[in-house]
Amino acid sequence: MATTTSKTNTGYVTQVIGPVLDVSFPNGQLPKIYNAITVKGKNEAGQDITVTCEVQQLLGDNQVRAVSMSTTDGILRGMEVTDSGAAISVPVGTPTLGRIFNVLGEPVDELGAVVCDSTLPIHRPSPAFTQLETKSSIFETGIKVVDLLAPYRRGGKIGLFGGAGVGKTVLIMELINNIAKAHGGVSVFGGVGERTREGNDLYQEMKESKVIDENNLPASKVALVYGQMNEPPGARMRVALTALTMAEYFRDVNNQDVLLFIDNIFRFVQAGSEVSALLGRMPSAVGYQPTLGTEMGSLQERITSTTKGSITSIQAVYVPADDLTDPAPATTFAHLDATTVLSRNLAAKGIYPAVDPLDSTSTMLQPGIVGEKHYACAQRVKGILQRYKELQDIISILGLDELSEDDRLAVARARRVERFLSQPFFVAEVFTGSPGKYVSLEDTIKGFTMILDGELDELPEQSFYLVGDIQEAISKGQKLLAEAK
């Protein structure tokens with residue numbers, strides 16, 4: 001959806017190399033860098049072709065080099081190319097909710113055109129220093145393990161690490177649900193270079209869990225933007241900017257708190273690397289593009305809190321060959337405020353969300369930001385879980401009875417803490433049958449402090465499993481004790 005100017009410049013294709021086109025324009029009528037140009041014509045089979053490209057280089061001799069946003073199959077030399085006079089622009093605002101878009105802002109869910117008053121270009125400057133929110137504040141998610149041990153920063157960036165099948169999608173959907181209910185905010189999901197099947201699964205699950213309301217789309221809580229694995233690298237490189245532009249509108253114009261999901265940030269870097277090679281740039285370390293830091297920075301710096309609203313971004317991070325020193329994840333880490341690590345061991349135990357309490361980190365967990373009470377409680381929880389982890393080998397070889405009295409007590413409380421870190425989700429009600437729970441930070445701290453102080457040692461472990469606040473655990477425990485008599 002590129003806007004057109006009254007005077008259109010027209011050129012013609014001189015060379016096609018995969019997703020990269022060279023186009024010749026009349027003297028003095030060259031398009032600017034990042035302008036959208038459109039190739040229109042018929043292929044050899046007589047079918048209409050419309051391909052939008054983005055200008056990346058001005059080569060001299062009235063030639064420009066552009067990267068295609070869709071397949072270049074059927075494009076022939078000599079085909080007419082029109083300069084739109086502006087960057088790729090996408091629809092923004094409430095009409096985007098509940099819909100799926102491609103990189104150009106065109107709906108791809110077969111639900112008809114999007115009627116939208118305003119569009120915005122995907123290339124925009126990051127907010128000025130004077131517009132930024134200077135105070136660090138916590139973004140409460142209502143998920144106990146996250147809020148207590150690795151709290152999110154309002155307007156911050158969070159890395160989400162986890163393999164297949166440990167609950168990334170369910171956690172993402174719960175966060176989308178909770179921001180809508182607790183903060184009156186909306187979410188934008190950017191699917192960058194991931195599997196089309198996963199994108200379809202996510203869409204279907206969102207409809208099932210009512211995150212997307214099919215009967216009343218504007219009441220949905222999320223807009224989806226997909227540029228999947230089968231797309232050319234130009235689309236995968238720019239789809240994150242399309243999603244971010246939609247999120248910026250909700251922040252700057254609607255003054256809302258927005259969650260922006262990027263799955264997967266590594267694919268954004270990978271697509272940039274492919275485009276860089278196609279444009280003939282000299283590769284940098286490990287074959288990545290020399291502009292890696294600049295590209296990542298221009299995306300990440302737009303994700304921030306302003307005085308009007310905030311964009312909090314949760315980015316799934318794929319670590320190639322589990323090598324954290326690889327330039328792609330290493331560049332990403334420099335921008336992150338918190339990490340949420342999902343553990344297969346916890347998922348195997350049935351503890352959901354399977355967030356690893358010891359591996360997950362946050363720069364917000366400081367007494368000056370979260371307060372002494374929260375900080376002390378979090379450190380005690382981490383301490384007792386670390387002690388339990390250290391004793392695991394002894395327990396598995398010799399059994400619990402061989403431990404000292406103090407260690408046995410620590411293990412008993414750690415097992416209660418571990419179970420209390422689990423929580424029923426609203427979006428999982430469809431599968432589990434148990435109603436979801438949103439737990440305030442105050443209730444979370446109170447609950448864990450009571451367990452650590454030994455006030456609930458008489459309750460069975462099972463009473464802390466998949467409950468909301470501590471009162472629910474106490475009621476469940478008393479019921480279990482009454483049944484056991």
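In case you wondered, yes, glycine gets a Cβ from its N, Cα and C as well.
Copied over from Swiss-Prot, here are the features:
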type: BINDING; residues: Gly162, Gly163, Ala164, Gly165, Val166, Gly167, Lys168, Thr169; note: ATP binding site
Revision key, fill the gap. Same-chain, non-site residues whose Cβ lies within 8 A of the Gly162, Gly163, Ala164, Gly165, Val166, Gly167, Lys168, Thr169 Cβ center for ATP are Leu342, Ala347, Ala354
Study note, to complete from the structure: With neighbours defined as other CB atoms within 10 A, the best-packed of the binding-site residues Ala164, Val166 is Val166
Revision key, fill the gap. All chains considered, the count of other Cβ atoms within 10 Å of the Cβ of Thr169 (ATP binding site) is 17
**Study point:** Assigned element (helix, strand, coil) containing Val166 (ATP binding site), judged by DSSP
**Key:** coil
Check your understanding: Do any residues at least six apart in sequence from Lys168 (ATP binding site), in the same chain, have a Cβ closer than 8 Å to its Cβ, and if so which, in order?
Key -> Leu160, Gly162, Asp263, Ala316, Leu342
